[in-house]
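Below is one structure, written out as structure tokens, with a few remarks after it.
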Amino acid sequence: MYLTLIILPLLGSIVSGFFGRKVGVTGAHLITCVSVVTTTILAILAFLEVGFNNIPVTINIARWLDVESLYVLWIFRFDSLTVSMFITVLIVSSLVHIYSISYMSHDPHNQRFFSYLSLFTFMMIILVTGNNYLIMFVGWEVVGVCSYLLVNFWFTRIAANQSSLSALLTNRVGDTLLTVGMFAILWSFGNIDYSTVFALAPYYNENIITLIGICLLIGATAKSSQVGLHIWLPQAMEGPTPVSALIHAATMVTAGVYLLMRSSPLIEYSSTVLVLCLWLGAITTVFSSLIGLFQQILKKLFAYSTMQLGMMVIAVGLSSYNLALFHLVNHAFYKALLFLGAGSVIHAVADNQDFRKYGGLREFLPLTYYVMLIASLSLVAVPFMTGFYSKDYILESAYGQYYLSSTIVYFVATIGAMFTTLYSAKVLYLTFLTNPNGPLVNYKHAHEGDLFMTTPLIILAIIYIHSGYITKDIFIGLGTGFSLINSYYSPSHEIMLDTEFAVPTLFKLLPFILSISLSVISVLLSEFLPKLLINFKFSRLGYNIFSFFNQRFYIELFYNKYIVEGVLKLGGQTSKSLDKGSVELLGPYGLEKALLSLSNSIGKLSTSVVTTYALYILIGLIFYISLLYFSYNDNNLFILVIFTLFVLLNNNIINKF
């Protein structure tokens with residue numbers, strides 16, 4: 001069952017990609033969707049067997065590397081963390097496959113698209129099932145390549161080309177540091193197998209663990225789009241909307257958080273790395289919410305809401321890895337629902353993505369409105385919605401730690417939650433509730449999608465409504481044996497007891513009260529005092545504030561001016577001096593020129609004069625006699641004579657070269 005679970009998406013990708021012309025569009029749809037849905041059913045069975053019964057499974061496939069002391073086996077590992085990621089990845093992926101049948105129905109490259117989707121899913125499975133860092137790195141890299149292919153799916157668009165390259169190159173920064181971290185693990189521990197590294201971690205110097213942890217954290221920062229290496233995130237919206245749902249909900253962005261959770265027994269021994277995770281997650285949460293508030297493109301706004309993965313990084317910094325996993329699962333479902341709902345809106349209004357030109361779509365898209373309302377309520381952690389059970393718990397856990405950093409992070413993340421609520425209300429209000437602002441033709445043709453588009457929305461909404469309440473005791477219940485991903489227990493992991501019983505009620509309710517209050521005030525101002533907002537926007541202060549946040553804190557401008565430009569100049573000089581300089585001089589260009597000069601010089605020795613030929617014969621005779629003589633005497637003198645003759649005969653060659 002477990003091998004079938006792994007291999008089915010790959011088979012679907014191969015058939016759709018290489019035999020697409022034979023099976024046709026319908027055949028590609030059928031094969032890829034059936035393979036992924038079957039894999040999802042098997043993943044649910046694996047979740048019940050491995051997760052609930054707490055029976056880890058390992059499958060030894062083959063020996064991969066056997067080089068001196070490095071011995072790497074290709075082993076697939078199924079434990080609580082792996083099967084939880086399976087549920088997240090495969091349920092969302094199967095629904096995205098079904099949704100894409102209708103959404104991409106008019107695209108001429110359906111087979112290629114579904115092949116990429118299935119390959120993406122397969123490599124994500126490889127990433128989470130690997131038993132060592134090297135197998136994980138294989139999935140990590142190919143997932144990045146698949147994201148490049150999917151974002152650049154419409155390769156005739158220049159914007160898609162630029163965005164895919166930006167995503168690929170930004171992730172290369174994190175991949176480079178992750179590679180350095182893997183080499184540091186290999187150098188320090190002599191192995192890259194999870195079990196070996198985690199078993200030896202308590203006996204190593206904290207500085208070594210800190211260095212490795214920082215490298216892993218930077219790798220996760222790039223993949224999970226934390227602040228600093230987040231610039232690829234909105235640009236990845238150039239791909240089709242189902243791609244955005246798959247990348248930003250369940251696959252690529254969760255890979256970085258998965259790496260931190262998988263490495264929890266290692267980074268737990270470095271307080272520096274945990275504090276860095278804590279602050280990185282908090283800053284990312286506020287940063288993304290402020291930028292998202294000033295975005296006007298529907299998909300880009302939801303892209304910045306994906307940076308709410310900072311909440312999971314906060315949970316990692318609090319050593320509450322099971323809480324991070326719980327929020328990851330919840331986040332995947334409601335974020336996929338938001339993106340697929342956005343795709344339904346874009347599909348209905350002739351591909352227009354500026355939600356300022358929507359308005360009044362509630363009457364035309366009632367199903368889409370309700371599913372996006374449900375997902376938005378979860379995003380802002382309204383009580384008894386799925387996001388409430390994990391997001392608010394993370395905030396309460398931060399306050400429940402009772403030390404300075406976590407308390408400050410609680411208030412910082414609360415501010416981020418406030419602005420997240422504000423832009424969620426902004427999207428719903430301007431898209432569905434306000435007066436129509438778009439052209440009449442959009443409303444004439446606006447309609448809900450067909451069965452393939454609406455069914456995934458309904459399924460996700462049902463899963464989303466019930467999953468948080470049903471699974472909260474499984475993932476973070478005090479008596480559960482499921483969340484055994486910390487590998488060991490210490491008093492710091494019992495933070496949930498303090499969170500549950502010791503945190504004052506005021507601080508439990510504060511994020512919700514502030515979020516709802518700010519949203520209500522903003523809607524009232526927009527509805528009853530619009531001139532006040534317009535006058536403020538056109539004032540110098542309002543203009544500067546709007547420009548600052550709309551330009552994303554000028555971080556991309558800083559990168560382009562001071563980093564990218566310098567790197568390009570350095571690359572140009574390096575290419576000029578090495579690739580176009582010394583390498584060519586010593587390589588094909590220089591060798592060709594030297595041989596040509598040598599042949600020309602030798603050709604000039606032929607003068608057609610008898611006395612010259614007699615001189616050559618005499619020199620050759622003297623050479624052979626001296627060869628016999630000096631072989632029995634001083635070899636150094638012989639070498640000196642040979643060198644002198646060579647210099648005399650080739651003086652012209654050397655000067656010319």
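Sequential numbering from 1, following the chain as shown.
Using N, Cα and C of the backbone, Cβ positions are placed for all residues, glycine too.
Listed in Swiss-Prot:
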- 1-21: transmembrane segment (TRANSMEM)
- 81-101: transmembrane segment (TRANSMEM)
- 113-133: transmembrane segment (TRANSMEM)
- 135-155: transmembrane segment (TRANSMEM)
- 241-261: transmembrane segment (TRANSMEM)
- 274-294: transmembrane segment (TRANSMEM)
- 330-350: transmembrane segment (TRANSMEM)
- 364-384: transmembrane segment (TRANSMEM)
- 408-428: transmembrane segment (TRANSMEM)
- 509-529: transmembrane segment (TRANSMEM)
- 610-630: transmembrane segment (TRANSMEM)
- 637-657: transmembrane segment (TRANSMEM)
Contact between the transmembrane segment (364-384) and the transmembrane segment (113-133) (3 or more Cβ pairs under 8 Å, separation 6+):
no
Cβ contacts under 8 Å made by the transmembrane segment (113-133) with residues that lie 6+ beyond its boundaries:
5-6, 9-10, 12-14, 16-17, 20, 28-29, 32, 35-36, 39, 58, 72-73, 75-78, 81-82, 85-86, 89-90, 93, 96-97, 100, 104, 107, 139-140, 142-143, 146-147, 149-150, 153, 182, 185, 191-195, 197, 240, 242-243, 246, 250-251, 255, 258
Which of 1-21, 135-155, 274-294, 509-529, 610-630 shares the most C-beta pairs under 8 angstroms with the transmembrane segment (241-261)?
135-155
Who are the chain neighbours of the transmembrane segment (135-155) in space, where the CB to CB distance is under 8 Å and they lie at least 6 residues beyond its ends?
74-75, 109, 112-113, 116-117, 119-120, 123-129, 161, 163-165, 167-168, 171, 175, 178-179, 182, 219, 223, 235-236, 238-240, 243, 246-247, 251-252, 255, 259, 262
Closest-packing stretch to the transmembrane segment (274-294), where packing means Cβ pairs under 8 Å, from 1-21, 330-350, 408-428, 610-630:
408-428
